[in-house]
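Over in TrEMBL, the protein carries these features:
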type     : residues                                : note
ACT_SITE : B:HIS37                                 : active site, proton donor
BINDING  : B:30-37, B:148-151, B:ALA177, B:185-188 : ATP binding site
BINDING  : B:GLN61                                 : beta-alanine binding site
BINDING  : B:GLN61, B:GLN154                       : (R)-pantoate binding site
2 protein chains.
Amino acid sequence: MKQVSTISDIRSGVAELRAAGKTIAFVPTMGALHEGHLSLMRLAKQKADEVVVSIYVNPTQFGPNEDFDSYPRQMEKDLKACEEEGVSVVFTPNDKIMYGSGERYFGISIDELNEDMDGGSRPSFFEGIALVVNKLFNIIEPDVAVFGQKDIQQFQILSRMVEEFNHDIELVAAPIARANDGLALSSRNAYLSDKERKIAPGLYRALQYVEKQIRDGVDEPKLLLKHQQDELEAKGFKNDYLNVFSMDNMQPVQKLEPGTTYILAGAAYLGKTRLIDNIILDL
Amino acid sequence: MKQVSTISDIRSGVAELRAAGKTIAFVPTMGALHEGHLSLMRLAKQKADEVVVSIYVNPTQFGPNEDFDSYPRQMEKDLKACEEEGVSVVFTPNDKIMYGSGERYFGISIDELNEDMDGGSRPSFFEGIALVVNKLFNIIEPDVAVFGQKDIQQFQILSRMVEEFNHDIELVAAPIARANDGLALSSRNAYLSDKERKIAPGLYRALQYVEKQIRDGVDEPKLLLKHQQDELEAKGFKNDYLNVFSMDNMQPVQKLEPGTTYILAGAAYLGKTRLIDNIILDL
């Protein structure tokens, strides 16, 4: 496995694989790799000959009061994990390489798709993600890129970017990796105290409960969702959102129609830790 | 020469050239090709093995009261001209192929660089150009792309986009092609009446006059520029701007410093026709 940090080195690394006739699947990460990331790499391996991973904590997707500084960083451990998964090249740029040191004049703007869900709670979050992923796509030019379904709004927004910007890349969503008690794996789970960790699976359980009610026939889930939010608050969560969203435009939906795909998604804080989770509802 | 209109056909066309080990220079145009465009193609031919041209009148770079509908279109004549220049593939998409028929959620925003000059007079002009060129770059993935120095602000903005978005493409500026009397060639010159056509070279003569004064030592050209604007108005022009701009951030400059590169640029209307021209000043 190669580890490279400059753009010219990653381009040569990819060019070598291309020259050998290999297809390339790309897994962009912010490091602090857990079993969820490893499942993305395994799926990537099924989709192409070689896997390229990036490890970069992207400053433009963090708000001023968010956890950029404290975001977990463990490069050596991450590199070892990539090696064990059979990754070919790991790209580990720094901020200067990714964004230069001078003025930044160009931005990517997103309408509607980022107004609600995590975009509603984290202004400019998805524009920062689009900015860095657009760069990474142009640097690496993979055939396939793999993202986690856990960040479903990110996946939908990036799929739309690929379409509108004409990136010649197939995006693949990997299923949510969960702990035995159902908690969606996340690098931010490392922030949880033992007590919070015990409460944390409640978010997924709330989603599962709502899913069951909807599958049993509830088509206007507003009160049901309100009730589950109250339950979560009673357990010690501070709710951000818990709602059903359109798969197309990421807007909240009041009335569910059969034959349609929705996202049932929630975000809630335990202490300072923000947890998200979702279930895709094919009705 | 191949003419193709769909994204999959242009991608196959380019892939065939790539498979034969050829490098590719790309010349994006809005058609209505004149000697200026042909000079771009000839320069492109010097920079790479094969030349790919696009002909597409991009709606997103026209304002609501601009000349999108009346912009000259002459596809057959243009294709013949490309063939005569030894172009390998011409890409002639329609609006549905370039922009789809549904909602558009993604935009490219530009700060500062588009505030003045043509960006000041034509709001969202450069964001429309960036949008379509970013798409074309991702569709064609050339080694080199050739643009005219006549659209110097476009060239500078796209160079910056290539840097910030990490397109792996070298941008090349071709010198301004001029008629015998000095008028910069432009598809919009076709709009000029015989009388206007006779007056039109006055814009370049004004720039040349200012250039000479600056090279002779004028370092605060404000009054000089004002005087030339009055002269242009007296000749029948309606001035938009005539000024010296920073090559770095495209902002107007009051005091010129030796050892610095500036753009001396003007835009003026003759009737409804907007003419632009510029001279690069390496002081």
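Cβ from N, Cα, C; glycine included.
TrEMBL: automatically predicted annotations, no manual curation.
Distance between Cα atoms for B:GLY36 (ATP binding site) and B:GLN154 ((R)-pantoate binding site): 16 Å, as a whole number. Taking 8 Å as the upper bound (exclusive) on CB-CB distance to chain A, the recorded positions B:LEU33, B:GLY36, B:HIS37, B:GLN61, B:GLN154 give none.
Under DSSP, B:LEU33 (ATP binding site) is assigned to coil, being neither helix nor strand in the three-state scheme. The Cα atom of B:GLN61 (beta-alanine binding site) lies nearest to that of B:GLN154, taking the recorded positions B:LEU33, B:HIS37, B:GLN149, B:GLN154 as the candidates. Cβ neighbour density within 10 Å is lowest for B:SER187 among the binding-site residues B:GLN154, B:SER187. For the binding-site residues listed here (B:GLN61, B:GLN149), the lowest count of other CB atoms within 10 A around the CB belongs to B:GLN149. For B:GLN154 ((R)-pantoate binding site), the nearest of the binding-site residues B:MET30, B:LEU33, B:ALA177 in terms of C-alpha separation is B:MET30.
Taken residue by residue with DSSP, the residue listed as 'beta-alanine binding site' is part of a helix. Long-range neighbours of B:ALA177 (ATP binding site) (same chain, six or more residues apart, CB within less than 8 Å of its CB): B:HIS34, B:GLU35, B:GLY36, B:SER39, B:GLY148, B:LYS150, B:ALA184, B:LEU185.
In the three-state DSSP reading, B:ALA177 (ATP binding site) counts as coil.
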